[in-house]
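A.B. asks: Let me give you the structure first, and then I'll get to my questions.
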Amino acid sequence: MSVAPLKNDVFLRALLREPVPYTPIWLMRQAGRYLPEYNATRARAGSFMGLAQNPDYACEVTLQPLARYPLDAAILFSDILTVPHAMGLGLDFAPGEGPRFAHPVRDESDVAKLAVPDMDSLRYVFDAVRTIRRELDGRVPLIGFAGSPWTIACYMVEGRGSDDYRLIKSMLYGRPDLLHRILEINAEATRHYLNAQIDAGAQAVMLFDSWGGVLADGLFQQFSLAYTRRVVEGLTREREGRRVPVIVFSKGGGQWLEEIAACGCDAVGLDWTVNLGTARRRVADAVALQGNLDPMTLFGGAQAVRAEARRTLDAFGPVGKGGHVFNLGHGISQYSPPEVVSELVDEVHTYSRALHAG
């Protein structure tokens, strides 16, 4: 595929801790239900899966936030559960209930049926990546992503989201051998999946370990981080003549920051409970940091959003040899006022320039 040269590579350079003129910003779930235009496209598609599995629709919603805001990266519109869906678990999004699987993985016979899916079954994702790259025309980089092996295992075993993770933790403590087998398959599948996204044109990739923080110390390292590391170690790290940065985000994982930073990634995503300055000292600028405004700040109005953006940037401090990508500490709420996002992006771009001077 012939690709246009990047007009704005500030996001990629910040991830690699290279000098940039300002702090780049993008938002987790930036293409989502808080945007009226997203809801209109989803209505045309008929369902979430109808949206995600149609490369043209996926491209359309990926680009929608960039039409509103001068964001520094686009992120592929998809879902972390496409991989287990390709394994035959039957993903469905029930209205008002979120994702659920028709065939959850609960016992030895279920685990025996699991296998790394043929990547051709996920071709719609890679077609979407190619379509988005073409339509971006070098405007900003495109981020690909996947769920971490542990996080997608949570959904596979529970069958849906969970408040207490009773089923997967029952397996963890009672049949750890079964859980390790699931995680091995997930890690291999995720490695292939992300590499296929990179081959299709993703210029950075992110692993969402959304549920890593529900694990006890020691078990996080064994059941989450070890398999995240397997994925990271197997990724294509150079494409189109430049490095493909890898971001790892473990929500609730602040206590393990140093260990996450040592997994081979280029950047660590932080939730809003971690002080950026403290985190920076802990990793000693060995990796870039991404985050970490509380998503609920967006409900405080423009003045509060601008003040909290400045406070977050000040916490990281003068950039120097570090790297900072501004983001929320988790995905943007569907109820967020779109006009306040404009205030956030403007404040980050304007205020951060002084932190990059000299």
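A Cβ is built for glycine as well, from the same backbone N, Cα and C atoms used for every other residue.
According to Swiss-Prot:
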type    : residues                                            : note
BINDING : R29, Q30, A31, G32, R33, F48, D79, Y155, S210, H330 : substrate binding site
SITE    : D79                                                 : site 'Transition state stabilizer'
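What's the neighbourhood like for these features in this structure?
C.D. replies: Secondary structure from DSSP puts A31 (substrate binding site) in coil. The Cβ of A31 (substrate binding site) has 24 neighbouring Cβ atoms from other residues within 10 Å, across all protein chains displayed.
D79 (substrate binding site) has a Cβ environment of 18 other Cβ atoms inside 10 Å.
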A.B. asks: Sort out the sequence-distant neighbours of S210 (substrate binding site) for me: same chain, 6+ apart, CB within less than 8 Å of its CB, listed by position.
C.D. replies: I80, G147, S148, T151, F249, K251
A.B. asks: What whole-number distance in angstrom separates the two most remote CA atoms of the substrate-binding residues R29, Q30, A31, G32, R33, F48, D79, Y155, S210, H330?
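C.D. replies: Answer in Å: the longest Cα-Cα distance is 23.
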A.B. asks: What is the one among the binding-site residues R29, R33 whose Cβ has the most other Cβ atoms less than or equal to 10 Å away?
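C.D. replies: The residue with the most neighbouring Cβ atoms within 10 Å is R29.
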A.B. asks: Name the secondary structure element type, per DSSP in three states, that contains S210 (substrate binding site).
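C.D. replies: SS state of S210 (substrate binding site) = coil.
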